[in-house]
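For reference, the structure I am asking about is given below.
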Amino acid sequence: MTKEKEILELELNGIMKDDSISPVQIERPVYQIEDLNRDHLYEKPYSTLKQKLKKTCGSIKPFSFLKQTIPVLSWLPEYNWKRSIFGDAVSGFTVAIMHIPQGMAYGLLGGVPPVVGIYMAFFPVLIYFIFGTSRHVSMGTFAIVCLMTGKVVNQYTTIEIMQNGTYRSLLSEDDAKNEPSYTNIQIAMTVTFTVALIQLAMYVLRLGLVSQLLSETLVNGFTCASAFHVVGSQMKDLLGLEMKKRRGNFSFVYTIYDSIMAIPNANTRAILVSVIACIILSINNEILKPRLAKKTSIPFPIELVAVVIGTTASYFMDFTKNYGITVVGHLPTGFPAPTLPAFELIPDIFVDAFIITMVSYTITMSMALIFARKLMYEVDSNQELLALGLSNTMGSFFSCMPVTASLSRSMIQQAVGGVTQLASVISCIILSVVLLWIGPFFETLPRCILASIIVVALKGMLLQCTAVVRYWRLSRWDGITWIVTFATTLFVQISYGLAAGVAVSLLSIFVQGYKPYTCLLGAVPNTDLYLDIKRYKGAKEIDGVKIFHYSGGLSFASRSSFKDLLVRKTGLDAAEILRKRAKLAEKEFQNDEEFLTKCIMLDFSSLTFVDPSGVDFLRGLQADYAKLNISMYITGCSGPVYEVIKKCDKVERKDNKFVIFPTVHDAVLFAQNAILEKKDI
């Protein structure tokens, strides 16, 4: 027996040569995959249609299904009134105070009367209380969603309901006779109804995870650019300007241009009020709020204070008459009468509504998951679709825009002691008092104060532009996604920005998946470990053996790149060598050169999937290597990959079977033994 065979037998028996390293004992035969499957009873898991139906139908329990569909039936009977009601009451009161200025401000942002923002904090929120699974999100207005809705409202409105309750036609007399008439509130309601339809359809189809198409990077770039759009839309009120609303592509650029050109005509009194309001709000947020947070979790309602002071000052000093400052105007009391949306407009606004749906759902789920992880409870992504869909359905009949979870209100709702969505019910009770009796008090509120509240509240979103540096350092693709999303959203149009971001995200996934990680593996001496020889300098290649590790999928689309990577790593292009031999044979030259490489191993332990085209490609590869007297082994493939290979062999009745091993070490020992036997012969 040769010395090499003695060494191989020692390795097979698990006897290590280096006493300084703990030995790895291998007390089993060298397995091929067929032997392993036979000895250990491998069987593909399957179930018949009858079994699937029995399992599905048998698991349906009517009462459990009802509690799952209407979550309030689960948690309300178990509600600890003694321990939780005080926290929910304080939380509800605090959030109601925040709803008033935010609702009015974001109502204007959506191109509808300010009172609509308060409606959004009442009707949809009551429905979410019944069907929602998050205990802490505060539903209602959100700047980005209101802005996106406002874009659609501005595009399709022909009759604007003014703040004083009067109607103003936006068309000429000739156009008004030929074009259908839609008010801004009708358009907003139709958008809300369409969003509700999409959300309910997604719930039925169980598409709760579709929001994962919107990555954190994409959402960050999108919301940051949208925040600049919001600021641009408020320039009119901040500066007291009279400007027409820009629509379509590059509207942000045109709005900023219009604002700059109109500065000589700006109302200096409105600018002064805006500057004072912004300074006071900023001082509170940057200095007073952090100090107050150390003493109490209840925040100082600076926005409401600004609204009250501004309204009072405007009332007694008559800002409109004396200083030309625009005020909110008429605020109706009571609840709006239920009306139907303009159903015939749904096909025209469907694409915009779908984008609003995706943004709204993604933001709401992000907020819900933050609190769920922090406070250790579960939220159901599909149930949230149902809750949002039904909430918006209710809102669409009561003059509401699409509702979304608000980051600032949700944080406050949890921080001041809110435990459940009962806080939202308490908030609704307080807001009902505002709607029924207190609303008219805010009619003299200057719009520049509302604009100041919006701009200051967006500081965090505006500063998200600095995140591009971090994303670029972490991943070039993340950086590109952020830049494309931000630039397209800001300079072209909001809807195009989201589409461009999704396209770049999908492209990055495709490109990174199309060029998978590959390497040659080497053995770590005296172990059964095989590592990347470029990264582990202690790993050594085995004489006569090339071990090619491939991580990714092998399909009709990737087989060409697989071959290129294999040839580049191993230095052997079997097909090219055979073509050269064929040309030499035509000229009656012999070329039977021997190769140092006797065996090619394909480590498929990280192969995610293979299709029939990939299997056929491997057969051709094996046949080419065989003509060069080079063996090809497959190692470490998963059960699903193995089953595809066997199915292809069976269906196509191929005789050239693959030699498959469960581990690289099994294949190496088998190959070394085969090489030594050839040498002996």
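Glycine is no exception: its Cβ is also placed from the backbone N, Cα and C atoms.
Note that TrEMBL annotation is computational and uncurated.
Bear in mind that the values here come from a model prediction, so they are computed numbers and not experimental data.
Annotations for this protein, taken from TrEMBL, read as follows:
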type	residues	note
DOMAIN	535-671	domain 'STAS'
TRANSMEM	106-131	transmembrane segment
TRANSMEM	185-205	transmembrane segment
TRANSMEM	270-288	transmembrane segment
TRANSMEM	300-317	transmembrane segment
TRANSMEM	349-373	transmembrane segment
TRANSMEM	385-407	transmembrane segment
TRANSMEM	419-438	transmembrane segment
TRANSMEM	450-473	transmembrane segment
TRANSMEM	479-507	transmembrane segment
Short question: which residues 6 or more past the ends of the transmembrane segment (479-507) have a Cβ under 8 Å from it?
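Result: 147-148, 151, 213-215, 217-218, 220-222, 224-226, 228-229, 248-253, 351-352, 355, 358-359, 465, 467-468, 471-473.
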Is the transmembrane segment (270-288) close to the transmembrane segment (385-407), in the sense of at least 3 CB pairs under 8 angstroms with a sequence gap of 6 or more?
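No, the stretches stay apart by this measure.
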Between the transmembrane segment (270-288) and the transmembrane segment (450-473), are there at least three Cβ pairs closer than 8 Å, leaving out pairs fewer than 6 positions apart?
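In contact, yes.
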With DSSP as the reference, give the number of residues of the domain 'STAS' (535-671) in helix, strand and coil.
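Here the numbers are 63 helix, 31 strand, 43 coil.
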Could you give the residue numbers and ranges of same-chain residues that sit at least 6 residues beyond the transmembrane segment (185-205) on either side and whose C-beta is under 8 angstroms from one of its C-beta atoms?
110-113, 116, 149, 152-153, 156-157, 161, 339, 341-343, 345-346, 349-350, 352-354, 356-357, 360-361, 382-383, 385-386, 388-393, 395-397, 399-402
Can you work out which residues elsewhere in the same chain, 6+ from the ends of the transmembrane segment (450-473), have a Cβ less than 8 Å from its Cβ atoms?
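Result: 101-102, 104-106, 108-109, 114, 143, 217, 220-221, 223-224, 226-228, 230-231, 234, 237-238, 274, 277-278, 281-282, 285, 303, 306-307, 328, 408, 479, 481-483, 486.
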Is the transmembrane segment (349-373) packed against any residues at least 6 beyond its ends, judged by a Cβ distance under 8 Å, and which are they?
133-137, 139, 142, 144-145, 148-149, 151-152, 156, 187, 190-191, 194-195, 198-199, 202, 210-211, 213-214, 219, 222-223, 379, 381, 384-385, 388, 402-407, 410, 414, 494-495, 498-499
